[in-house]
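Working notes, beginning with the structure itself.
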Amino acid sequence: MGIVRAAEDVEGAVVAGAAGGGGGGGGGEVTAPLLLRQHKQGRGDEEKIQNDAGGDGGGRRGGGGGGSMSMLMLSTAVAVCGSFEFGTCVGYSAPTQSGIVDEVGLSISQFALFGSVLTIGAMIGAVTSGRLADFLGRKMTMRISATICIFGWLSLHLAKGVIMLYFGRILLGFSTGILSYVVPVFIAEIAPKNLRGGLATSNQLLICSGSSATYIIGALVAWRNLVLVGIVPCVLLLTGLLFIPESPRWLANVGREKEFHASLQMLRGEDADVSEEAVEIKEYIESLHRFPKARVQDLFLRKNIYAVTVGVGLMIFQQLGGINGVGFYASSIFTSAGFSGKLGTILIGIIQIPITLFGAILMDKSGRRVLLMVSASGTFLGCFLTGISFYLKAQGLFSEWVPELALTGILVYIGAYSIGMGPVPWVVMSEIFSIDMKAIGGSLVTLVSWLGSFAISYSFSFLMDWSSAGTFFMFSAASLITILFVVMVVPETKGRTLEEIQDSLIDSRSRLRDP
């Protein structure tokens, strides 16, 4: 869920390295999952490279004007089957906890590991995704991921003991780590600039749709049968990949000139003039190779440390807010509070999609800082209400209020998270790193996100055994600290060009050194 968030408007940091074979692909670093949305660009050489890297290569003639867009839409629809698959993997454990524990006989610690081991597989997948996507191509990488996903789901369906459950979950995590990289990269690389934002939004929307479908259907069917919800998008992805072209930018990068032009023409329509766009793509690839290769230690230079602080800090507070605990164990939370676990997870699934859409609309209108502060305030309120409900239950007070209070708190929490703390940290990350540091900076921030996801999802069951009320009060306290962090540290990036954002970061660093 925090990954859904997971996993929450992707495009910026990974794309800069992916389109030209740098960053996560070339160096083997962990690459940021697509959970990022690129800001509008101004003019200038650095900005032009950023636009092309994120799919802005749509030329003035071929960028969305003439010709049919049917192949572009079909290609996007096929790719986001991987996004839907991502959502089903993340959402699977929430509605299935009681069924798996009762049938297989898992202990609390065993199910905690079952829920969190997905993130271990995802970290491995994220490390290898860039190399696979650059060496094998975007389509082949998606094929491999979908195939591994099918084996993972079958392992869960046939599992008789804990080892098969863990094995299946690790396979799903590995595939999720790959899909979280390659799907938004593919969409960014095939989209013209006038449609890139809308097509990129479909990635996040389908992630939320996948998790919501798992929540809702999982409340109605047995946990073994729920694997079909994950297998279907894999089959659709494998089938659809037979009918769509490879990313033209990847083809250009590996020197397959004839296929590059054919792919670009298919995506823009037979009647579209793609000559200018083709020239821009090739110029971008040549320009990218002129940048010096960034090193990990460069992140800690004075000129970069402020951006690292903002990016890593937001991811830490995103996870400390408890999203993966709530997302992975929603059903047991409701049950512990005396509310129907099935009905609770269905309600979560229902509210996620419209609120995510609403947040996407507000992203470029209200600003990043405002959304973060409003969202963190909402997650504070949601966790505080949930903590109060468990406190009342433990003290035997107002017992008739406990289920409704817990339900209200969790729904407020999920709604508030979906509108800001889920997607905005990824957007800010894509905007604050300079072009030469985007891929490696995104790698660090993404690794922090996955590590935090594992820590919270694994420890959540033990924290709830220690004190249900105390667990949610701690999450609410983390949300309050998040507000302070945003007010004091996070810059506003809405409506600024890349150069203006970098200038503002320089000013902020100067103020920090000279208070």
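Glycine is no exception: its Cβ is also placed from the backbone N, Cα and C atoms.
As annotated by TrEMBL, region 'Disordered' applies to 39-63.
The annotation compositional bias 'Gly residues' is assigned in TrEMBL to 54-63.
Same-chain neighbours of the transmembrane segment (71-94): 1, 3-4, 6-7, 111, 114-115, 118, 142, 145-146, 149, 156, 172-173, 175-176, 179-180, 182-183, 186-187, 190-192, 195, 199, 202-215, 218, 226, 229-230, 233-234, 236-237, 240-241, 243-245, 266-269, 327-331, 345, 348-349, counting only residues six or more beyond its ends whose CB sits under 8 Å from a CB of the stretch. Look at TrEMBL and you will find 71-94 (among others) tagged as transmembrane segment.
Per TrEMBL, domain 'Major facilitator superfamily (MFS) profile' is recorded for 75-494.
The annotation transmembrane segment is assigned in TrEMBL to 106-128 (among others).
Counting only same-chain residues 6+ beyond the ends of the transmembrane segment (140-159), those with a CB under 8 A from a CB of the stretch are 79, 82, 85, 89, 92, 104, 125, 129, 132-133, 165, 167-172, 174-175, 178-179, 182-183, 186, 224, 227, 230-231, 234-235, 237-238, 241. Taken from TrEMBL, the feature transmembrane segment applies to 140-159 (among others).
Look at TrEMBL and you will find 165-187 (among others) tagged as transmembrane segment.
The feature transmembrane segment is assigned by TrEMBL to 226-244 (among others). Away from its own ends, the transmembrane segment (226-244) comes close to residues 71, 74-75, 77-79, 81-82, 84-85, 88-89, 92, 95-96, 139, 142-143, 146-147, 149-150, 153-154, 156-157, 172, 210, 213-214, 217-218 of its chain (Cβ-Cβ under 8 Å, at least six residues beyond either end).
Residues annotated as transmembrane segment in TrEMBL: 305-331 (among others). Outside the transmembrane segment (305-331), and at least 6 residues removed from its termini, the chain residues within Cβ reach (under 8 Å) are 1-5, 90-91, 93-98, 115-116, 119, 211, 215, 299, 341-342, 344-345, 348, 372, 376, 379, 383, 410, 413-414, 417, 421-422, 424-425, 428-429, 432-434, 437, 441, 444-445, 448-449, 452-453, 455-457, 459-461, 463-464, 471-472, 474-475, 478-479, 481-482, 485, 489-491, 505, 508-509, 512.
As annotated by TrEMBL, transmembrane segment applies to 343-363 (among others).
Annotated transmembrane segment per TrEMBL: 370-393 (among others), in sequence order.
Under the heading transmembrane segment, TrEMBL lists 405-428 (among others).
Taken from TrEMBL, the feature transmembrane segment covers 440-460 (among others).
The transmembrane segment feature in TrEMBL is assigned to 472-490 (among others). Here the transmembrane segment (472-490) has Cβ contacts under 8 Å with residues 309-310, 313-314, 317, 320-322, 325, 368-369, 372-373, 376-377, 379-381, 383-384, 386-387, 390, 409, 421, 428, 463 of the same chain, all six or more residues outside its ends.
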Mark yes when the transmembrane segment (405-428) and the transmembrane segment (343-363) have three or more Cβ pairs under 8 Å (sequence separation 6 or more) and no when they do not.
yes
Which stretch, 370-393, 405-428, 440-460, tops the Cβ pairs under 8 Å count with the transmembrane segment (106-128)?
440-460
In the same chain, which residue numbers or ranges, 6 or more beyond the ends of the transmembrane segment (370-393), come under 8 angstroms Cβ to Cβ?
314, 317, 321-322, 333, 336-338, 359, 362-363, 399, 401-403, 405-406, 408-417, 419-422, 424-425, 468-473, 475-476, 479-480, 482-483, 486-487, 490
